[in-house]
């Protein structure tokens, strides 16, 4: 991992200023010292290959390393077999004749050439077509892999702040997996067939900020593989109609009419939802299909035993489908879950450091993942988040204990509870969302004035917020409405 960080640091590891040129064997041989060491590839071990073709040596020591990716920052250039001809010698003719019969060889970090029109990916081609243009909207995930004796890691690179989602599905064969990388409304489907069996479930590490997804699979039979297997890729631009069957596994009451619920797949499926995105749940009730959108929450906002295989939800038991999900017995089952859907883009908040999150009732759910991300954001660290929660009574407020515990540790978070029908003992804020509240939030004379506002709630609440923000001339590009 230290090497990976060094390779991504921007330091020139080649000593050539990043200029790629063909290297002769004679030039390679000059660089054979501890402080000037080039090797042809593919501590003391490095010096054994200094100034020569070290492919076999490298493979004998580092067979698990995917060198095309890890060492790409050190590429000086391709190794060429060259012939030097002395035209002043009488042997010119014989040398030229002999050289024409020499078989030229080359070693590059790009690996064997492949058909660029093919969507099949093998171990010798670990990168899909990269998209380096920031002006192009389309993001094409780039694939890589690395292994150790006990496990193998598949990595998908999207783009910084691309806010990817992911669905991993193990099919009937323990070698065959379908991996969906969801970026906005496009699904990139990778059909992976490993060269040997791996265990389910895999371990997932997803960085929304870096746009990087890592899937670690444990090998059933530990060994070093010569290839990860093969992969086929498919791009789905129309609405992905694929659904997954989930059951309610456990639940807990969080208020008098709401529950935290854990959904678990009936099959071998693992789903990671992008920040601020929702899923559609469909169930058959009395012979009729009923659908509704729900936003998964971070696992740490429930005390249930939530693993990466679960989808955690907060559900208010009003409406036919929500009542079905919250019922005690029999356990709700065979619900159809869609891929994650939404319009929120992390790039919209990248230049902002002061935020207001306005949530009415269950509109809190998308704010939790956004708040969690912003508090942990490494670049352009935030200064303040003001979370305004609008409810009828004190007993309607979700996650109050958890939010209070975060406020105790995190002075950048301010939580304000605003009640429309408070009890006589309530001493906090009361009423509905008002224009004056928004004026105060956005007033530049206020040290904590906000520059970005996210809003989620019932349609009348959203419409009222929209009206007030227009009236105070708040920049529309700095507003996001979460709508499911």
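Keep in mind that glycine also has a Cβ here, set from the backbone N, Cα and C atoms.
Annotated in TrEMBL:
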| type | residues | note |
| --- | --- | --- |
| COMPBIAS | 91-106 | compositional bias 'Low complexity' |
| REGION | 91-135 | region 'Disordered' |
| COMPBIAS | 120-133 | compositional bias 'Low complexity' |
| DOMAIN | 241-347 | domain 'FAD-binding FR-type' |
| BINDING | 292, 294, 314, 316, 322, 365 | FAD binding site |
Mapped onto three states, the DSSP assignment of residue 292 (FAD binding site) reads strand
Averaging pLDDT over all residues of the domain 'FAD-binding FR-type' (241-347) gives 93
Reduced DSSP state (H/G/I helix, E/B strand, rest coil) at residue 316 (FAD binding site) is strand
Taking every pair from 292, 294, 314, 316, 322, 365 (the record's FAD binders), the biggest C-alpha distance in Å rounds to 15
For FAD, residues beyond 292, 294, 314, 316, 322, 365 with C-beta within 8 angstroms of the site's Cβ centre include exactly 295, 313, 315, 325, 362
Binding-site residues considered: 322, 365; fewest surrounding Cβ atoms within 10 Å belongs to 322
Excluding its own, the Cβ atoms lying within 10 Å of the Cβ of residue 292 (FAD binding site) add up to 17
Around the Cβ of residue 294 (FAD binding site), other Cβ atoms found within 10 Å total 22
